[in-house]
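Notes to accompany the following structure.
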Amino acid sequence: MPYSHPSENVFTSPGWLHNSSIGIVLHFSICQYGGLGKSIKSQYCFNSLSPRYMSRVHGMHPKETTRQLSLAVKDGLIVETLTVGCKGSKAGIEQEGYWLPGDEIAYGMQPFSQTAAKNKDWETENHDWYCFECHLPGEVLICDLCFRVYHSKCLSDEFRLRDSSSHWQCPVCRSIKKKNTSKQEMSTYLRFIVSRMKERAIDLNKKGKDNKHPMYRRLVHSAVDVPTIQEKVNEGKYRSYEEFKADAQLLLHNTVIFYGADSEQADIARMLYKDTCHELDELQLCKNCFYLSNARPDNWFCYPCIPNHELVWAKMKGFGFWPAKVMQKEDNQVDVRFFGHHHQRAWIPSENIQDITVNIHRLHVKRSMGWKKACDELELHQRFLREGRFWKSKNEDKGEEEAESSISSTSNEQLKVTQEPRAKKGRRNQSMELKKEEPEPETEAVSSSQEIPTMPQPIEKVSVSTQTKKLSASSPKMLHRSTQTSNDGVCQNMCHDKYTKIFNDFKDRMKADHKRETERVVREAVEKLRTEMEEEKRQAVNKAVANAQGEMDRKCKQVKEKCKEEFLEEIKKLAGQHKQLISQTKKKQWCYNCEEEAMYHCCWNTSYCSIKCQQEHWHAEHKRTCRRKR
């Protein structure tokens with residue numbers, strides 16, 4: 001059992017808090033190596049085998065394994081005992097063995113009676129054993145209101161214990177006291193976050209859900225999972241967003257303690273908690289944007305928020321100026337969300353931000369189709385701003401009448417003035433309609449005469465009551481009737497003029513809206529037709545060019561084949577003529593001196609065309625080589 005520090009708010013544990021998450025991994029690894037759950041003998045683990053197993057599987061040094069094993073025994077997570085071998089070379093030899101605490105009770109083993117008493121202490125423990133921030137053991141501060149404990153070094157100066165004798169509350173309990181909004185509205189927002197948590201928690205459940213493991217309740221003080229959080233959201237049990245965030249952090253805390261800080265399950269739980277904190281930050285940043293971005297009604301990005309976001313032209317690197325809403329500002333950076341199809345978020349330097357009133361021609365924007373759609377969405381948002389058209393959920397619409405809701409979108413200021421008097425007069429009209437069923441004296445007709453709901457004027461009420469008091473002594477019945485008639489006539493005229501003006505303004509506004517909508521639809525239709533015509537024309541031109549190119553290629557191929565055939569025929573013809581000429585040439589004799597056709601034969605390979613050539617060749621060389629017989 002934990003012992004108290006001299007300060008009542010500080011405690012440490014000599015028996016429970018020695019073992020870290022590494023020791024917990026060691027503890028489960030040994031039990032798994034010994035075959036947990038098969039039989040009492042298979043649960044027995046030898047100390048000589050554990051270091052080798054931990055070194056092979058977890059890469060832990062044998063000395064560290066022995067140290068963590070001793071800490072696990074000291075913490076009571078593993079029970080050490082001596083047994084005598086009954087077979088083989090170990091028969092009759094005492095050996096050290098380890099067991100899961102609690103198993104010895106089921107098998108009636110006497111040496112573990114002290115551990116059984118310790119199990120009861122586990123169930124009655126009031127506080128966690130591990131720091132809620134770093135998930136490690138040690139000397140911790142205990143909270144007076146909940147089970148959470150913290151290291152003093154893990155707390156900021158704001159939450160640290162000032163006086164050892166004073167009571168201390170953890171950061172979670174302090175933040176939970178701050179009530180954010182109504183439970184119904186909070187549950188609506190939190191359902192969106194829980195739905196995303198369920199999607200991301202699928203991997204966590206796939207990796208292992210061991211809350212029914214025999215050691216789970218011995219390590220985890222308060223169990224929680226995503227279905228439990230969803231159930232609490234549906235039942236409206238959360239009083240603040242901080243309480244919801246604390247449950248998400250508790251899920252991470254339990255996962256790190258049970259699986260270890262470096263486990264795959266812990267990484268998934270950290271990612272889940274980080275995403276949950278991001279969603280809560282977005283909710284705190286703007287509730288309207290958070291709800292509309294998750295509910296996604298028609299034109300959801302066009303509805304104004306309360307308070308309104310600043311509209312700007314924002315320029316990302318590599319892109320032109322684009323219409324956007326300012327979400328937040330930090331130092332020299334501006335967080336914006338762009339109008340358009342995807343409504344993307346980005347941090348933009350302040351020098352790349354221009355006010356929405358800047359002339360668009362000065363920005364040199366490339367007006368693409370996406371940019372035009374974004375500007376149309378911006379124009380619709382600005383129109384909603386001018387008309388005061390805000391998004392209303394179903395809960396807000398239940399308390400309003402249909403007639404008033406139609407007029408409220410066009411004349412908010414006038415209806416704000418007449419809203420409270422009209423409610424009073426409506427209640428008075430209901431009581432008067434019940435009174436009409438029974439005959440009453442004429443003196444009571446004054447109170448039941450105002451059947452038409454009118455806008456009461458304080459000055460007229462004073463004048464009517466004054467006239468009635470002055471003339472009541474002479475003829476009360478006649479004065480009541482005359483006052484009633486004049487008052488009704490004035491009120492009827494005022495109501496008629498007022499509502500005529502309101503409905504005329506509403507009619508004119510509807511006509512203007514219809515005209516703008518018609519122009520927009522016509523403009524979009526013309527643009528669409530122009531685009532389709534250009535596309536059809538481009539396709540027709542491409543098709544014609546492709547056909548012409550194909551025809552040209554076909555003609556060129558035919559011409560090439562024809563020229564090739566003619567060329568081969570001509571070559572064949574020339575080859576025949578050349579062969580014939582060669583044959584004729586071979587049949588003739590030629591002058592050895594001038595290579596003309598020879599007429600005079602001298603010897604076997606020498607002939608001459610004339611006597612002159614014969615004499616020249618004879619004296620030059622032939623007389624030495626001539627073979628003609630003399």
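Note that Cβ sites are derived from N, Cα and C of the backbone, with glycine treated the same way.
Quick look at what TrEMBL annotates:
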COILED    515-584  coiled coil
COMPBIAS  463-487  compositional bias 'Polar residues'
DOMAIN    128-176  domain 'PHD-type'
DOMAIN    214-266  domain 'Bromo'
DOMAIN    308-359  domain 'PWWP'
DOMAIN    591-626  domain 'MYND-type'
REGION    394-487  region 'Disordered'
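Highlighted: of the candidate stretches 128-176, 308-359, 591-626, 128-176 has the greatest count of Cβ pairs under 8 Å to the domain 'Bromo' (214-266).
Note on the domain 'Bromo' (214-266): DSSP counts are 35 helix, 0 strand, 18 coil. Note on the coiled coil (515-584): its mean pLDDT in the predicted model is 93.
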